[in-house]
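Here the structure is laid out as structure tokens; the discussion comes afterwards.
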Amino acid sequence: MTPRPMTALNPFHTRNGVLHAESVALSDIATDFGTPCWVYSRQALEEALDDFQQELAGLDALVCYAVKANSNLAVLDVLARRGAGFDIVSAGELKRVLAAGADPQRIVFSGVGKTAAEMELALNTMELALNTGILCFNVESAPELERLNAVAGKLGKRAPISLRVNPDVDAGTHPYISTGLKENKFGVAYDEARALYRQAAALAHLEVSGIDCHIGSQLLDAAPFAEALDKLLVLVDQLAGDGIELQHIDLGGGLGIRYSDADVPTSVHAYLQPLLAKLKGRPLRILLEPGRRLVGNAGVLLTRVEYLKPGEVKNFAIVDAAMNDLSRPALYGSWHDIVPVAARAGDAAKWEIVGPICESGDFLGHGRELTLAEGDLLAILSAGAYGMVMSSNYNTRPRAAEVMVDGREAHLVRRRESAEELYALEQRLP
Ligand SMILES: *Cc1c(COP(=O)(O)O)cnc(C)c1O
């Protein structure tokens, strides 16, 4: 990786009164590609990955981007070209990363519900790639170990595995995105992990390779990561005593980003240094699975105000993006900053920023102080992660276009769907 030269400008910045992505005005993108539209910055993606790579320089380490955060092929390609591997959770994501040119040896497979067919596909990926294979299956239960062993045996292969251990630490994040507590469905219980490793080591078609954990998402504080690592390292030493030497440790993802001024996320440096200090001198390859941190602040959702409906109790600004595009506000009550692409003069009012969908939960922001007129463009910030990937076709709304800006160029990286495509797979009764 060649370090990117220090750039003076934030990838998203205002120039001549207009919000830009790199050197392209978002107003031009709206004109050329329409709204609603997702806009990603290649520079922002690369800088976010570089933050990790720089801390890991000289170490045997691999950043496996959690594909589920944003799986557009162009995003995967940009990150792969800069040295990222991938953390996948489905056959679909496996096909995607391979389509983006990923090296199977840089793919780890997570998830609580891997089907036999998905396991087979991942094991067969080995042959396509000159017998190298995916790097690791992150196994989340005892029955999954048994199933993977059976599937690998049937194919005459050995599957590399790690156990996703649930360290039972409280990540202090939203209950829907906290994953490292005993009550969560993820991972194997800490107290059961040692016995399960012995069971795995005895299975003929598995190769015990590592250990992993993932304790939650949007963590702003580094302390829970260190707490989880301490618990994992106790287990690593116990396993060594049992004759099970692990090759790698996968610390998962979960590092948070800034959504509003209320969020002060820890730097990648402050997150990684304590972890790397604990790992120093251990012959363990280090894997990380960041998702949101790599893509969240690298994307915005561009939308246009269709109608203003001032009212006695609330003022509604009805925009052309909706909860089917960005579901996080409706789903988790998440905050996204919403800013005008070109600020206009005049008195600000408090607006409910809502979409056209027939649900009261269809909002993108509550009570935002803005000066608005019909036809204005708004940018919903920090929308690069868990945005497009969680969008739906509710109300038969075609998914929005995705555009990636690279310097002075804006590239269409997924065209807008058409309504006809949405019902093309359906048919009437004979
Ligand atoms: C979702 C997920 C990640 C990425 O989480 P972020 O909070 O986006 O960093 C990493 N690993 C696993 C197993 C996940 O499920």
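Every residue gets a Cβ built from N, Cα and C, even glycine.
TrEMBL has this to say about the protein:
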type     : residues                               : note
DOMAIN   : 39-384                                 : domain 'Orn/DAP/Arg decarboxylase 2 C-terminal'
DOMAIN   : 44-295                                 : domain 'Orn/DAP/Arg decarboxylase 2 N-terminal'
BINDING  : ARG292, ARG328, TYR332, GLU359, TYR386 : substrate binding site
ACT_SITE : CYS358                                 : active site, proton donor
Number of other Cβ atoms within 10 Å of the Cβ of ARG328 (substrate binding site) across all protein chains: 20
Residues among the recorded positions ARG292, ARG328, TYR332, CYS358 that border ligand 1 - Cβ under 6 angstroms, in sequence order: ARG292
Closest of ARG292, ARG328, TYR386 to the residue listed as 'active site, proton donor', Cα positions, binding-site residues only: ARG328
Spatial neighbours, same chain, of GLU359 (substrate binding site) - Cβ under 8 Å, 6+ residues apart: MET323, ALA330
Least buried by Cβ count (within 10 Å) of the binding-site residues TYR332, TYR386: TYR332
